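Residues or ranges marked as domain 'G-protein coupled receptors family 2 profile 1' in TrEMBL: 27-112. Feature annotation from TrEMBL assigns domain 'G-protein coupled receptors family 2 profile 2' to 139-400. For 145-166, 178-199, 233-253, 260-279, 299-322, 343-362, 374-399, the entry in TrEMBL reads transmembrane segment. Here TrEMBL flags 499-518 as region 'Disordered'.
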Amino acid sequence: MVSTIGGLSTVAATDAPQLFINTTLDSCALTYEEFKIPNTVPYCNWTWDRILCWPPTPANSTIKQRCPPAHGIDTSKYAERRCSAEGQWEGKPGSPATLVGWTNYTPCYSDPVLQLFKKLYAGGSEDDVNVKFDIAERTRTLETVGFSLSLVALIISLVIFCKFRGLRNNRTRIHKNLFVAMVIQVVIRLTLYIDQAIIRSGGKNESYRQGIDNTTFLCEASYVLLEYARTCMFMWMFIEGLYLHNVVTVTVFQGRFPHTLYAVVGWGGPVILTVIWAITTAQYSREQKCWWGYNLTPYYWILEGPRLAVVLLNFIFLLNIIRVLVVKLRQSHTSDVEQVRKAVRAAVVLVPLLGITNILNMTQAPLDKTVLEFAIWSYVTHFLTSFQGFFIALLYCFLNGEVRTALMKSISVYLSLRGHHDWAVRRQSLFSAGYPTVPANEAPHAGESNRNTNRNETINNNLLASATNHTANGGSPNAPHGRSGTGWFSRCFVVQKNANPSTPEPAPPESVVFDISD
């Protein structure tokens, strides 16, 4: 049916319900080889735009077809072509009509993607836009390298934490949960990146390649699991900040280690958030392939909002920890230069662990800014995000004094058994990113009020010693093994009960601050 509105003929979309997606030039020609063009009015010839096959269309009319499934495309919308009054397909705005013409796929994009493109093209010329696309491709390579290094470093760190019994304490138990969440996220990201690279390497035939990126349900499930792992990572970063803040600045929560509560918050809380977000996104993006661009929708703040709150809370924790550090340094009559050095070092060490670097990734990309501004934002943001796991593993495992001591002891025993008796354990590094805590088998502190009464006296006696020495509370090497049936999971994550219920002697909370900055 052809309707006329103001002298303009329009072919109704319902008259073109047939989709000719993923066809070839030959199949399109075969479809219309028997079509006879009437002599009454000029007609535009059939054409294939490498995506859709368009039928012969009368002059001065517009024809529409359903948008093909692709990333960022809403299949409920329509692409369109216009046939000029002379019987030729119209080109891009400002271009002359030709036999091939131009298909307007702009209406096919989802609203968030349209806003993204408008912002991108508002920031400069066509050449600037192409440069920004090149920058985005190079940052993908940077991400792949960073995530790969992070994956290797995190896995090695988990093996070290699980292997050495002396490292099994409350602090490392939190570290291990955080590392596991980061490993899951990195594995999914790398899998998706590799899959997309394989699909895109097919060039024109990428539509025929089958992978995660174009498999229904599998692609959506991958992104749901990815967002769950990211949310878990942020929750365990919050637990890291909360635990350290409680140990350093306050005397509450100094009883038994609330591992069950932490596990519920770190692994259970993200389940609720992810389910709510997934259901909402599935309703909103059901017409889009693989929910592409879901992070551009307002529904993404169901997940991003709590993550941002975690980062802000950890930033407050960091400021308070630095405040305590500066106060104790002043009480110990440390020089101003030394105070600044220790405060800066503590901040630098804690920033990746508390996830504060992720704040850049939560800001909007400066697409409408200059190429230089966009490049700086893109490279810095993706570098910090992808190498975050590597930096955390480096600071809190490989450079940690307790870990280095445990490794050196293991190497010493290994070499001694093979006749190298002159091997001695070297002194641990002056730099330790670890903050000592009470052992994992701790019990509620008896006489807490009495200890708090004499707290100031204890501080004066331990400040200077704490500033230079690193106390390792990884548990006694002679502690009994758990039951043989518990397996590796219990050895890594489950608390070993103490056969001797005597109350352990905790390290002063103030020493934590100095251990971070030394």
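Positions of Cβ are set from backbone N, Cα and C atoms, glycine also.
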> Taking 145-166, 178-199, 343-362 as candidates, which has the most Cβ pairs under 8 Å with the transmembrane segment (374-399)?
Replying inline: 145-166
>> Six or more residues beyond either end and a Cβ under 8 Å away: which residues meet both conditions relative to the transmembrane segment (343-362)?
In response: 233-234, 237, 240-241, 244, 304, 307-308, 310-311, 314-315, 317-318, 321-322, 325-326, 329, 377, 380-381, 384-385, 388, 391-392, 395-396, 433, 513, 516-517
>> With helix taken as DSSP H, G or I, strand as E or B and everything else coil, how many residues of the domain 'G-protein coupled receptors family 2 profile 1' (27-112) land in each class?
In response: 10 helix, 26 strand, 50 coil
